[in-house]
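Under the heading Zn(2+) binding site, Swiss-Prot lists His12, His14, His197, Asp278. The feature substrate binding site is assigned by Swiss-Prot to His14, Asp16, Gly170, Asp279, with sequence analysis given as support. Under the heading active site, proton donor, Swiss-Prot lists Glu200. Under the heading site 'Important for catalytic activity', Swiss-Prot lists His221.
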Amino acid sequence: MIDTTLPLTDIHRHLDGNIRPQTILELGRQYNISLPAQSLETLIPHVQVIANEPDLVSFLTKLDWGVKVLASLDACRRVAFENIEDAARNGLHYVELRFSPGYMAMAHQLPVAGVVEAVIDGVREGCRTFGVQAKLIGIMSRTFGEAACQQELEAFLAHRDQITALDLAGDELGFPGSLFLSHFNRARDAGWHITVHAGEAAGPESIWQAIRELGAERIGHGVKAIEDRALMDFLAEQQIGIESCLTSNIQTSTVADLAAHPLKTFLEHGIRASINTDDPGVQGVDIIHEYTVAAPAAGLSREQIRQAQINGLEMAFLSAEEKRALREKVAAK
């Protein structure tokens, strides 16, 4: 189902949601951190989704053990490097890794700006080692409030040339986008792209707000757009992309099952929607699974899957020249 003549991308992938269970175990031992299990087999149910979670917030608790072992900046650097290694193993040509430095720093009071620098270093070294092209998206974790998001924003701005875009993630219902208008004004002033988690836990009005008030060029998840025909028309006309994460939306109980997922309808409507993983380490999936298992189960035809793959590059926060070069590089292999 994957067209090997086209670049394979993953543009909605959380770096801090892709910490290997084995790495959690090793860092726990290295830093003498008490874990809920002492073997890989018994740890996995604590750090990966085994059965679907009742809601998004419950799903997010599965991420916590991964960041609890980030006891140093070296640990942050390691997981960033391993994220690129995992991308290479999955056959990805281009990946956009998003991360919340405040969330990564929280358990051990690491300096937030130091976490940003460590992630940049780890990703840069990973790209050199494995030949994957990557860009970084900074996440503000709305769940922790406006002041914490301001601290994350300042840390990103200190490394503005290494950050490609700003995102807002976390508790969408409890912390609406209207609380963060000034944050996104500064992000746009910095020349960054904007993508926002919206229409996952909240309804289509959250997507409208992300576009109109925060300046979103892409929407993370966006499943609730299906409830608003005018919004779907607008997304298609304005080429505002939807970063679909099929398995994730089932595991968070955002969508009942893959057959009910709106991605197929989005593509039929002419919306620029792509296939992505979200939190592969927590979900126990990879991009290959999303293309070969999840997408067919969601009713996508072979041609629709190919279109979603094309959309992944078209939606990417790359220049037209960078996209052309990547297409040519893959086609030449």
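The backbone N, Cα and C atoms fix where each Cβ goes, glycine too.
Overlay of Swiss-Prot feature records on the structure.
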residue : record                                  : DSSP class
His12   : Zn(2+) binding site                     : strand
Gly170  : substrate binding site                  : coil
His197  : Zn(2+) binding site                     : strand
His221  : site 'Important for catalytic activity' : strand
Asp278  : Zn(2+) binding site                     : strand
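Residue pairs drawn from His14, Asp16, Gly170, Asp279, the listed substrate binders, are separated by up to 13 Å at the Cα level.
Among the recorded positions Gly170, Glu200, His221, Asp279, the ones whose Cα is located within 10 Å of the Cα of His14 (Zn(2+) binding site) are Asp279. Here His12 (Zn(2+) binding site) is positioned 9 angstrom away from Asp279 (substrate binding site), judged by their C-alpha atoms. Inclusion criterion for the recorded positions Gly170, Glu200, His221: a C-alpha placed within 10 angstroms of the C-alpha of Asp278 (Zn(2+) binding site); this criterion is met by His221. Restricting the recorded positions Asp16, Gly170, Glu200 to those with a CA within 10 Å of the CA of His221 (site 'Important for catalytic activity') leaves Glu200, listed by sequence position. For the Zn(2+) site, the Cβ centre of His12, His14, His197, Asp278 serves as reference, and the other residues of the chain with Cβ at most 8 Å from it are Arg13, Gly17, Arg98, Ala169, Gly220, His221, Glu243, Cys245, Ser248, Asn276, Asp279.
Of all the recorded positions listed (His12, His14, His197, His221), His12 sits in the most crowded Cβ setting, with the most other Cβ atoms within 10 Å. Asp16 (substrate binding site) has a Cβ environment of 27 other Cβ atoms inside 10 Å. Taking only the Cα positions, the spacing between the residue listed as 'active site, proton donor' and Gly170 (substrate binding site) is 10 angstrom. Least crowded of the recorded positions (Glu200, Asp278, Asp279), judged by neighbouring Cβ atoms within 10 Å of its own Cβ: Glu200. A Cβ within 8 Å of the Cβ centre of His14, Asp16, Gly170, Asp279, the residues given for substrate, is found for these other residues of the same chain: Leu15, Gly17, Leu60, Leu63, Arg98, Phe99, Ser100, Tyr103, Ile139, Ala169, Asp278. A simple way to gauge crowding: the CB of Gly170 (substrate binding site) has 21 other CB atoms within 10 angstroms, across all the protein chains here.
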